[in-house]
Amino acid sequence: MPAENQNTGQDRSSNSISKNGNSQVGCHTVPNEELNITVAVRCRGRNEREISMKSSVVVNVPDITGSKEISINTTGDTGITAQMNAKRYTVDKVFGPGASQDLIFDEVAGPLFQDFIKGYNCTVLVYGMTSTGKTYTMTGDEKLYNGELSDAAGIIPRVLLKLFDTLELQQNDYVVKCSFIELYNEELKDLLDSNSNGSSNTGFDGQFMKKLRIFDSSTANNTTSNSASSSRSNSRNSSPRSLNDLTPKAALLRKRLRTKSLPNTIKQQYQQQQAVNSRNNSSSNSGSTTNNASSNTNTNNGQRSSMAPNDQTNGIYIQNLQEFHITNAMEGLNLLQKGLKHRQVASTKMNDFSSRSHTIFTITLYKKHQDELFRISKMNLVDLAGSENINRSGALNQRAKEAGSINQSLLTLGRVINALVDKSGHIPFRESKLTRLLQDSLGGNTKTALIATISPAKVTSEETCSTLEYASKAKNIKNKPQLGSFIMKDILVKNITMELAKIKSDLLSTKSKEGIYMSQDHYKNLNSDLESYKNEVQECKREIESLTSKNALLVKDKLKSKETIQSQNCQIESLKTTIDHLRAQLDKQHKTEIEISDFNNKLQKLTEVMQMALHDYKKRELDLNQKFEMHITKEIKKLKSTLFLQLNTMQQESILQETNIQPNLDMIKNEVLTLMRTMQEKAELMYKDCVKKILNESPKFFNVVIEKIDIIRVDFQKFYKNIAENLSDISEENNNMKQYLKNHFFKNNHQELLNRHVDSTYENIEKRTNEFVENFKKVLNDHLDENKKLIMQNLTTATSAVIDQEMDLFEPKRVKWENSFDLINDCDSMNNEFYNSMAATLSQIKSTVDTSSNSMNESISVMKGQVEESENAISLLKNNTKFNDQFEQLINKHNMLKDNIKNSITSTHSHITNVDDIYNTIENIMKNYGNKENATKDEMIENILKEIPNLSKKMPLRLSNINSNSVQSVISPKKHAIEDENKSSENVDNEGSRKMLKIE
């Protein structure tokens, strides 16, 4: 049944009576059948700008309709190549430039309109680039000509006209409401609210105008009663009129309302609702204006002051949005024209009348279902602002800001479409107010149709492709349409009666006197509200005084904290100095350990070289003695055999002749004895000199070696002592670190950080307190709770910041502390290894020296024995009877030898030559061996002397006393002793060779 006020009836009610659970009898839905969004593409003809630019047509569409495929040539090719390379998009319907407005309505909006009459929520969206005909498609020519629409009328006028024609034919009771909102620069605006479009912030009755806000339906029950009472005062007419004010036809329809028995469940819900309404009405002041929607939907959870969603699913509703009741299409068209006048429109290079905002025209239908029940359905007609290229449209300043906001909201809409198509787990509805408003239409419980408008010109081919991409993706979005919920008729009738009584009372009070007046009850109610507000102001003042005193205490605490922070800063600086000192010591210790390690390696190599040199020297000495003995023995045996052979030959071949041979034999005998004595004397002198030199040089050499070993031992003891001191310093720093962790870690006051949070908290509290004083309609308890939450949140943030700061300060100290432990352990292990290695090396050197000393003593003893044996050789020669007998036989055989004397002399000369050769051979062998050995030893000694300066440069100061001179003093005696032994050996060899020649 239509409901009408004489002045069209402004309805400032912010509540929709269809959402509250207690006011809805039931919600009948069809099975959860998923339906895809219907997508249609409308391509206009080229406009004057595109024709003047001579931009060719690149979009291939039918002239009117018929095909479901649209292709666009973006390559610039022609003929078959253009058809092969063209991009193709498939949608549900395609309309060309020849398609009329009536055809668009019948094909796209008509099916949704029938579902809307049946009780479904429906949405029609127009999407596309600027200047492609979106507003023309949705609105067109909204005027009536002789009671008829023109051919250019858009979807909204046709829906309004067809709606009332259909309702009159069905002859059912109904109520129709309209609302018109605009989204401009991400701000919602009610286009039907004349006060919000003026310069004043208050309405004609002195009420403050409130901004539109979007809420989820799940938060509807949490709205406070103060907001409901404020919204009630803005109410004008939200229900059907009485019979006296209705037209005859409307009155006839109204009489058809009758009350029948309801099911028990419906009666119980109705009785509960009546009881709740009676309690709420008795508690409110009689003079205050009543909010129709709030009184209809009161529950135990409180009254609402916003337009609630139409169902109990997770939808959205808009707070402070006005809904206007209409009884015919003309009233709806008047509201549409009123809203369009206030819509943001500007001129750009691409469009002379470019819409700079998104608009949603909503039609809400309360249609009688059966008996006392009315079904609620909605139809949202959305005209989206067009996306545009700022450079091409020439938008500057405010126009550029508008274009950016439009493109941003459309970009978010594109992301929502992509997420729905990809079935993503997160749909970014909340990133834009546009997507929040369209949340039910995209993937929700609404039947939706999308009309994409495009331009055929090549100059806009890029935007056309983008529009078609989104349209083809939106075709894959699935919705689950549901029938609307129910509301009871008696609730509507009661609210109508209360609202009309209030309006008549105010009207009579106004007519009785000049100016604007109100009834006595209304005046008393206003006074009581003022007294309540005064009490709230007093409470706010007391709260401000309390906060001021608390602020003074906080200032004092802040001063104390500053002093504490200064002392802590001094301690921190001292601690930083200590840490730097410890770091320097650790670096120095690390370098020292590296130098010690390098020196240790070099010393080990030198020790190995010395051991190898001594071993090689001993080996060569033994080989030389063995070779010399073997060679001498071999030559002497050879010489002896030759002499015996010659003597035998002389004995066999000689003929005793009577010659004067006796003097010669005596001479030979004397000469032999003389040679033996000479050889004995020289041998004694040689061995005595050798023994004397060895006895004189050996003690010096061993004393020097022992002194150097003692020096090395003292140096190593000093080094070990210094290492121990460094380790004790490190241990002391470790104890200091432990003391810091025990006394200071997590015990810093961090008062400066707390003061910052306290200051910010105080500023926020002061700001919110000022807002609280200015907006005294809000409840003080809610304000205090919010302040408490804010303080707790800031304290939590401050605590977290203190903990994070303390951990950040401690982290480098902890890492250095752990590294110092590793360095201490490495230093300790390396020190022990170095000490053990040097001790073992010194022990080996000492054992080697002892062995060498024993060997030399044994050699001296052997040489003394050989000298004593040589002294006995002469006496043995004198007492040798065989020797004397031989000489006697020589005398007897003098005659025999006389004939062969020449041959014997010749043979003797040849043997003398052989002995000379033997001597030369022995001398060459000794020289070659001595030269090689001396060269090898000299080379080894030179290498050692070269390494000593390099080591002394890299050694620590406490080891610098071990230099090349000390090593030279150790090596030189050994070198001289070896050279003396070689010379003595050569002298002995030469003397022995000479004596052998003399003997021969």
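Note that the numbers count up from 1, one per residue, in the order the chain is shown.
Using N, Cα and C of the backbone, Cβ positions are placed for all residues, glycine too.
Per Swiss-Prot, the annotated phosphoserine among residues SER698, SER972 corresponds to SER972. It is 860-904, from the ranges 725-769, 860-904, that Swiss-Prot records as coiled coil. Here the binding-site residues are THR130, THR132; the one with the fewest Cβ atoms within 10 Å of its Cβ is THR130.
For the domain 'Kinesin motor' (36-477), the mean pLDDT of the prediction comes to 73. Listed in chain order, the extra residues whose Cβ falls within 8 Å of the Cβ center of the ATP site residues GLY128, MET129, THR130, SER131, THR132, GLY133, LYS134, THR135 are ASN351, GLY386, THR453, SER455.
Least crowded of the binding-site residues (GLY128, GLY133), judged by neighbouring Cβ atoms within 10 Å of its own Cβ: GLY133. Listed in sequence order, VAL126, GLY154, PHE353, SER355, ASP383 are the same-chain residues at least 6 apart in sequence whose CB falls under 8 Å from the CB of THR135 (ATP binding site).
The C-beta environment of SER131 (ATP binding site), restricted to residues of the same chain at least 6 apart in sequence and closer than 8 Å, consists of ASN47, MET350, ASN351, SER354, GLY386, SER455.
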